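Visitor: Structure in structure tokens, see below.
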Amino acid sequence: MNNPKLIQARARSYSEAIAQIFYEVRESRNPLDQELRRFFRNNKKYGSRDRRFIAESLYSLFRWFGWVQDILPISAPDVACENKKFCSGLIAVLCLDNLHIDPVAEHFSQLAGVNMQGVPKTDLDEKRQWMGKHFGLKQLKNTDLVPDWFVEELPKDFNLEELIIDLQKRPPMWIRLQGPQNKNNTLRELKERDFDIYPHSIMKKAIKIVNPRVNLYELKSFRDGQFEVQDLASQSLGFACQAEGGQRWWDVCAGAGGKTLLLADHMESKGGITSTDIREWKLDDLKKRARRARFSNITTKNLKKTRSASKKRPYDGVLVDAPCSCTGTWRRNPDARWSSTAKDCEELATIQADILEKSAPGVKADGVLVYATCSFSVRENEEIVENFLKTHPDFYLEDFPHPLTLKPTGGILRISPSPEDCDAMFAARFRRKN
Ligand SMILES: C[S@@+](CC[C@H](N)C(=O)[O-])C[C@H]1O[C@@H](n2cnc3c(N)ncnc32)[C@H](O)[C@@H]1O
């Protein structure tokens with residue numbers, strides 16, 4: 001694509017799309033992935049290459065928003081590619097994510113009058129200095145990349161600097177091989193399609209994929225239910241539950257079933273899982289995914305229509321994968337950094353305590369209860385566990401090996417993006433006294 005007219009037309013069209021979606025997400029606080037899907041559904045003219053450029057630019061804008069918010073115009077410009085401030089903000093984030101080696105990006109740098117020489121590759125301090133030199137932003141701090149309220153939510157001994165370095169990296173994709181390993185053709189298909197794959201050294205079914213070039217959902221092994229896209233941190237929850245074949249489990253907040261399928265796989269499809277949620281449409285997705293994976297031991301129930309815990313026939317295991325502020329997925333969803341608030345954590349903590357309270361009677365004597373969030377917030381994690389133990393003397397924390405290191409956890413699992421290159425996760429495993 002060296003034709004200058006074509007590059008100019010692309011730059012115009014891309015910048016219009018990026019500006020439209022960016023300001024819509026800022027205003028509506030809707031998730032970026034949802035707005036992207038809606039935009040491309042209504043604008044069929046964009047091919048896969050265009051969609052990739054537009055989507056990556058938007059993820060970069062939100063990832064680095066804390067550093068470029070003073071460059072960008074406050075509201076959507078009339079003509080994005082003629083707005084120097086917008087083009088400056090856009091080229092800054094493309095450079096920060098090393099996505100600037102592209103004729104369209106070069107065009108933005110010319111429009112903005114920015115020299116793209118010497119863009120630092122990885123070091124965050126060097127990137128900050130580069131921003132100071134090229135954009136006159138001398139006062140930038142690493143902590144500007146997360147909102148102030150977030151720092152207050154973290155445990156006292158938390159290494160915030162390390163987390164911020166991780167949050168600024170583009171995340172890889174993790175998949176979980178599913179079903180009997182000897183019948184699973186996923187690895188062969190991924191190799192044939194030239195994917196860069198990195199199987200996890202301890203969790204044998206977890207495979208990291210860096211920069212997938214083909215849509216994973218188009219692969220035959222996916223359509224045959226032989227793998228699911230699931231972050232390593234989510235996958236490790238299976239080892240906190242330790243569900244076994246023949247047991248009965250209740251996945252209380254099952255949503256679209258990521259953890260239900262994980263449990264079913266650990267149980268080798270033997271025994272039963274009851275998957276509930278208050279959102280019926282999510283359970284419909286779960287049913288489709290269970291069919292694709294050929295798991296026939298899953299029953300779904302809308303919690304709004306049924307009485308909650310089964311006291312008559314309590315379960316061997318209950319998983320509460322609670323609704324949370326999802327701060328642990330901010331690397332994957334950088335827009336959420338700027339749409340979530342401390343009030344969300346406060347309100348969610350009340351909901352989480354309530355769900356846990358209502359789920360506990362569903363655990364049989366000597367059964368297991370696992371509480372999990374993908375949040376860093378003490379209010380949503382440690383405080384919920386502490387209060388639950390205080391008010392439920394019939395439960396105690398039970399040790400299990402850390403799924404990624406095999407060290408004892410004392411019953412509490414905390415996973416951070418480093419060193420495994422994944423989302424964050426918090427889990428507590430309780431055992432009910434006999
Ligand atoms: C973290 S998501 C669950 C993700 C799911 N377990 C998975 O692995 O795909 C939390 C879920 O809790 C559900 N939820 C919210 N309030 C609930 C409640 N009071 N009882 C049960 N589920 C609830 C939400 O609809 C959402 O699907």
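Note that Cβ sites are derived from N, Cα and C of the backbone, with glycine treated the same way.
What TrEMBL records for this protein is below:
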type     : residues       : note
DOMAIN   : 163-433        : domain 'SAM-dependent MTase RsmB/NOP-type'
BINDING  : ASP277, ASP321 : S-adenosyl-L-methionine binding site
ACT_SITE : CYS374         : active site, nucleophile
Visitor: Rounded to the nearest Å, what's the C-alpha distance separating ASP321 (S-adenosyl-L-methionine binding site) and the residue listed as 'active site, nucleophile'? Just drop the number here, would you?
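Guide: With distance taken Cα to Cα, the residue listed as 'active site, nucleophile' is 9 Å from ASP321 (S-adenosyl-L-methionine binding site).
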Visitor: Cα distance, the residue listed as 'active site, nucleophile' to ASP277 (S-adenosyl-L-methionine binding site), nearest Å?
Guide: 17
Visitor: Select, from ASP277, ASP321, CYS374, each of the recorded positions with a Cβ positioned under 6 A from at least one atom of ligand 1; if none does, say none.
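Guide: The ones that qualify, in sequence order, are ASP277, ASP321.
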Visitor: Let me check the 10 A CB neighbour count of ASP321 (S-adenosyl-L-methionine binding site). How many other CB atoms are there?
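Guide: A 10 Å sphere around the Cβ of ASP321 (S-adenosyl-L-methionine binding site) contains 25 other Cβ atoms.
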Visitor: List the same-chain residues at least 6 positions away in sequence whose Cβ sits under 8 Å from the Cβ of CYS374 (active site, nucleophile), in sequence order, or say none.
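Guide: The answer is ALA233, SER234, CYS324, CYS326, THR327, GLY328, THR329, ASP423, ALA424, MET425, PHE426.
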Visitor: Within 10 Å of the Cβ of ASP277 (S-adenosyl-L-methionine binding site), how many other Cβ atoms can be counted across all chains shown?
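Guide: Other Cβ atoms within 10 Å of ASP277 (S-adenosyl-L-methionine binding site): 23.
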